[in-house]
């Protein structure tokens, strides 16, 4: 009778803590015992090599490529002209490779892509982020609105030229069918090729999934941040893409109009919430790792994020259970010695310290509650709980001398800190582990890997 009661109590605790929702296992982190990673994906090589300005990325727990380059062993991003023969129209109106996917050879594209991957990522054991940045068109016909409507018009004309005998209604239906078929083949086969060639990488498309919650400019105080239901439904229809991805790369870029506002948090939160939803539906064995793209400065400016907006971006991403965040930047960051010094000052100030705060807090929570076999995620995704070091218990200290700079975190969790974490966070176990605290090793789950 006693054992039955214990089992009942354990089940009740499980349901209460997890709100009755099954939490999928997560893929183990890219680096052991690093539940939340911060990447640097900005072309700042010139700061180090030309201007002799070290941005101190490593000091502040940031993963970067050699010489802080845009692409390398940690993260490689493929723009339209870097991978295969991607059909599109650029921002200047120049046409490339047949413009629409059904007007270009997929075989030619894949052959060129193979050569490009070997050239750009020569290391076959590549274990970093492989990000394909194709934003000119979307694979779903109904999502090619605004400036992207040109791809629908071109597809209709393409179908009309091939089948002049058909009615306009049939031509439009055929154009949609042929476009979506070709777009799917281009995106899916490119992804599968990359994964076959560099199987240890984390592959996916930048800005997928999207949420289309950009109406903060018009809604003002009425803005909710929620993804429109039609867009969530359209994301569901991209299951073929999620199943073939090994990582998701949504973005949480903040425009300056959102600076230190409630709308900023709403915007970021719901984009991440949608990404985490997609991550959990993509596979049956584990949730895909989510790496959110962010900017350390407000979009289209060189103004650094406020402390509040660092919490909104970095803090929210970690608390929601993402595997990491990727800081993207432009050539402006390294355009002059003054630009480099500005980035360095921000890195040595609020940005670097907050990154250390969150990455350390995530690591401590994983160690204390999940036995290093899982990461801490919010029990209630809409809560305002964050993975922060408790200021009354921890101190972040930066030491520097003529040869090196290092960050040391001193302190320990107090009882009230443990209570806060237990009340607000739960464990998402890595593959092969289960239990409330990821304390049970499961050979069955390992065999699924």
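Backbone N, Cα and C define each Cβ position, glycine as well.
Positions annotated as active site, proton donor by Swiss-Prot: 135. Taken from Swiss-Prot, the feature disulfide bond covers 47-340, 211-227, 365-376, 370-427, 429-438, and the record attributes it to similarity to another entry. Annotated domain 'EGF-like' per Swiss-Prot: 427-438, in sequence order. The feature N-linked glycosylation site is assigned by Swiss-Prot to 67, 103, 111, 153, 357, 401. The annotation signal peptide is assigned in Swiss-Prot to 1-23 on the grounds of similarity to another entry.
Here the features listed in Swiss-Prot are painted onto the structure.
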residue	record	Cβ contacts under 8 Å, 6 or more apart
47	disulfide bond	53, 54, 55, 68, 333, 334, 339, 340, 343, 344
67	N-linked glycosylation site	45, 48, 49
111	N-linked glycosylation site	none
227	disulfide bond	211, 212, 213, 270, 271, 273, 274
357	N-linked glycosylation site	388, 389, 396
365	disulfide bond	35, 375, 376, 387, 421, 425
427	disulfide bond	369, 370, 374, 375, 376, 377, 436, 437, 438
429	disulfide bond	25, 26, 370, 373, 374, 435, 438
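Considering only the recorded positions 103, 135, 153, residue 401 (N-linked glycosylation site) has 135 as its nearest partner by CA-CA distance.
Taking the Cβ of residue 135 (active site, proton donor) as reference, residues of its chain lying under 8 Å away and at least six apart in sequence are, in sequence order, 206, 207. Secondary structure from DSSP puts residue 211 (disulfide bond) in coil. The DSSP breakdown of the domain 'EGF-like' (427-438) into helical (H, G, I), extended (E, B) and coil residues amounts to 0 helix, 6 strand, 6 coil.
Fewest other C-beta atoms within 10 angstroms, among the glycosylation sites 103, 153, 401, are seen around 401. The domain 'EGF-like' (427-438) scores a mean pLDDT of 96 in the predicted structure. Between the alpha carbons (Cα) of residue 153 (N-linked glycosylation site) and residue 103 (N-linked glycosylation site) lies a span of roughly 13 Å.
DSSP gives residue 376 (disulfide bond) a strand state. Neighbours of residue 340 (disulfide bond), defined as other CB atoms within 10 A of its CB across all chains, total 22. Counting every protein chain shown, the Cβ of residue 370 (disulfide bond) has 25 other Cβ atoms within 10 Å. Taking the disulfide-bonded residues 211, 376, 438 in turn and counting surrounding C-beta atoms within 10 angstroms, the largest count is reached at 376.
Following the DSSP three-state reduction, the secondary structure of residue 370 (disulfide bond) is helix. DSSP classifies residue 401 (N-linked glycosylation site) as coil under the three-state reduction.
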